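What follows is a single structure, written as structure tokens, with notes after it.
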Amino acid sequence: MAAIIYLAIAAVASILLFVAVKLLSTDTKTEIRTDDDVGELIGRENPVPQRPRARARRGLRNKTNRSKTQRQHDNDYDDYDDEYQDDGFLEEPVYDRKMGTKKLRKLEEKAEKKAMREQMEAEREDKINRQELREQNRRKEEERKAKEREEKEEAERKLKEEQEKREYEEYLRLKESFSVENEGSGEAEIAQESQSLLQEFIDYIKNNKVVLLEDVAAHFKLRTEDVINRIQTLQSMDRLTGVVDDRGKYIYISVEELNAIAKFIKQRGRVSISELAESSNSLINLQSDSKASHTIESVNDSPAEISVNA
């Protein structure tokens, strides 16, 4: 009998303990709920009749609150997106399944603007680089042309100096060949006499117009070869102009007469020696100051070719 009583007391204690645990669990869940959940729980336990208009206002208010919450969420996401995009962390838009169409379109527009901006910057840099390259090429071309001009001018200057030096040396040698030996004469007097003899040599040929080289050599007590060399030197110095035939005659022709002959040949085109000889009487004056006149035919009796040295 005592055992039965003991078992009954144990069963009652177990039931009381189970009920206490259930009540404690229910109280804990009730405390965690928010005020809205408590209100809803109370409303369900004690339903209070509400008017339709009040329910509409409350629904509109809840919808407005949800819209504000969504906009705030979008703004926060935009700020986050802009911050990382400006810092260069967001290279391409990250798509999410929960992302709306409007947000997706906005991200695509941002990506397109960024790509367009990068393309414009690349084109601008490329344009600047091309301009700099053209400017460098232009400066290099100007420097090259300037250097070529300087080199050409320097070469022409050196050539002119060498020619002048060579002509001057030839002139000195020519003067020395006409020097005379006079006892008691100074260097200045000898140089003056040499210059006088040189000018006399030139005037002798110009005045006679047509001279035999042997006669010139005999007149100035020179060898015929020396006379030829002196005439060639004077022609290179533009002190004499004329032609030498194969019979040892030198015909002096002035610059004006050479220009007239050149004009005649240019007007007629190609001309033969005989045609030139026929027209030379009217183009070249062969009258000498001390001798009788000569004709060009007397100089060109043979068909030998005449060389003109201008």
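From the backbone N, Cα and C atoms, a Cβ is placed for every residue, glycine too.
Summarising the annotation, Swiss-Prot assigns compositional bias 'Basic residues' to 52-70.
For 76-85, the entry in Swiss-Prot reads compositional bias 'Acidic residues'.
What Swiss-Prot lists as region 'Disordered' is 38-85 (among others).
Annotation source Swiss-Prot lists region 'Disordered' at 110-162 (among others).
Taken from Swiss-Prot, the feature topological domain 'Cytoplasmic' covers 22-310, and the record attributes it to a curator's inference. Over the topological domain 'Cytoplasmic' (22-310) the predicted model carries a mean pLDDT of 71.
Beyond the ends of the transmembrane segment (1-21), by six or more residues, the same chain brings no residue to a C-beta distance below 8 angstroms of the stretch. Residues annotated as transmembrane segment in Swiss-Prot, with sequence analysis given as evidence: 1-21.
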Counts by DSSP class (helix H/G/I, strand E/B, coil) across the region 'Disordered' (110-162): 53 helix, 0 strand, 0 coil
